Amino acid sequence: MDNSPPPPSALNNFRILYLVTQLVGITIIILVSCWIGIHLNGLGWSSRPSIQFNWHPLLMSVGMIFLYGNSILIYRGFRYARKKPLKITHATIHGAAFIFTVVALVAVFDSHNLAKPNPIPNMYTLHSWYVFGFAAYLFPGVREQLRATYMPVHVFFGVAGFVMAIAAALLGLLEKAIFSVPNYSALPPQAVLINTIGLLYIVYGGLVVFLVTERQYKRHPLPEDVMLLTHSASVGSS
């Protein structure tokens with residue numbers, strides 16, 4: 001296996017693509033916020049269940065898309081940082097993504113159950129099945145079992161979970177567009193905005209997956225990491 005560091009040109013390309021990825025992710029959050037503020041009457045909680053749902057696309061975009069994508073890029077994005085702080089940051093971002101996801105799910109259940117005059121059924125769409133599959137994967141206990149198996153398996157399921165998150169977001173956008181835009185086929189401004197957000201989900205997802213799987217962009221251990229690993233192994237065997 002080639003353990004030589006990537007050439008400078010590869011690192012320059014990585015930095016450019018990493019910056020573009022962050023800009024796309026931030027743009028997604030801004031556009032989702034504009035969609036909610038302009039077309040969906042803003043945000044509210046259980047006292048206004050008709051708009052409580054609006055927390056769901058916002059928090060899912062922040063947690064399930066932006067934060068999750070950054071958590072799996074953290075090792076390559078900050079390749080010159082020491083391994084232990086990166087592991088802590090990786091876990092912290094995952095924890096924040098999980099919290100955002102839980103609050104987003106509470107918002108959608110409340111908005112359905114408190115709807116007047118009749119509650120809205122839960123868990124009957126493909127989008128909801130995807131979201132719950134992803135949430136179960138993100139749950140810390142499940143991920144801990146994956147970590148204990150083998151690192152390539154952990155990486156594979158991390159990327160697979162992120163792809164599931166993108167798929168769930170696209171299904172959710174389509175579902176919301178069909179239910180909330182009466183003349184969707186005529187492409188009114190709201191439909192164009194929703195489609196743009198969907199395209200940016202795909203671009204962001206593609207960039208994250210490329211950056212985390214391209215061999216040239218792999219983070220190579222720092223001397224401090226090797227020393228810590230050697231020291232830990234010697235302590236464990238003594």
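Every residue gets a Cβ built from N, Cα and C, even glycine.
Sequence-distant contacts of the transmembrane segment (16-38) (same chain, at least 6 residues past either end, Cβ-Cβ under 8 Å): 54, 57-58, 61-62, 65-66, 69-70, 73, 76-77, 190, 193-194, 196-197, 200-201, 203-204, 207-208, 210-211. Summarising the annotation, TrEMBL assigns transmembrane segment to 16-38 (among others).
Look at TrEMBL and you will find 20-213 tagged as domain 'Cytochrome b561'.
Look at TrEMBL and you will find 58-78 (among others) tagged as transmembrane segment. Distant neighbours of the transmembrane segment (58-78): 14, 18, 21-22, 25-26, 28-29, 32-33, 36, 43, 86, 89-90, 93-94, 96-101, 103-104, 107, 131, 134, 138, 158-159, 161-162, 165-166, 168-169, 172, 201, 204-205, 208, 211-212, 217-219; these residues of the same chain sit at least 6 beyond its ends, with a Cβ under 8 Å from one of its Cβ atoms.
The transmembrane segment annotation in TrEMBL covers 90-109 (among others).
Annotated transmembrane segment per TrEMBL: 121-139 (among others), in sequence order.
Annotated transmembrane segment per TrEMBL: 151-171 (among others), in sequence order.
Under the heading transmembrane segment, TrEMBL lists 191-212 (among others).
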**Prompt:** List, by number or range, the same-chain residues at least 6 past the transmembrane segment (191-212) whose CB is under 8 A from its CB atoms?
**Reply:** 14, 17-18, 20-21, 24-25, 27-28, 31-32, 34-35, 39, 65-66, 69, 72-73, 76, 155, 159, 162-163, 166, 169-170, 173-174, 176-177, 181, 183-184
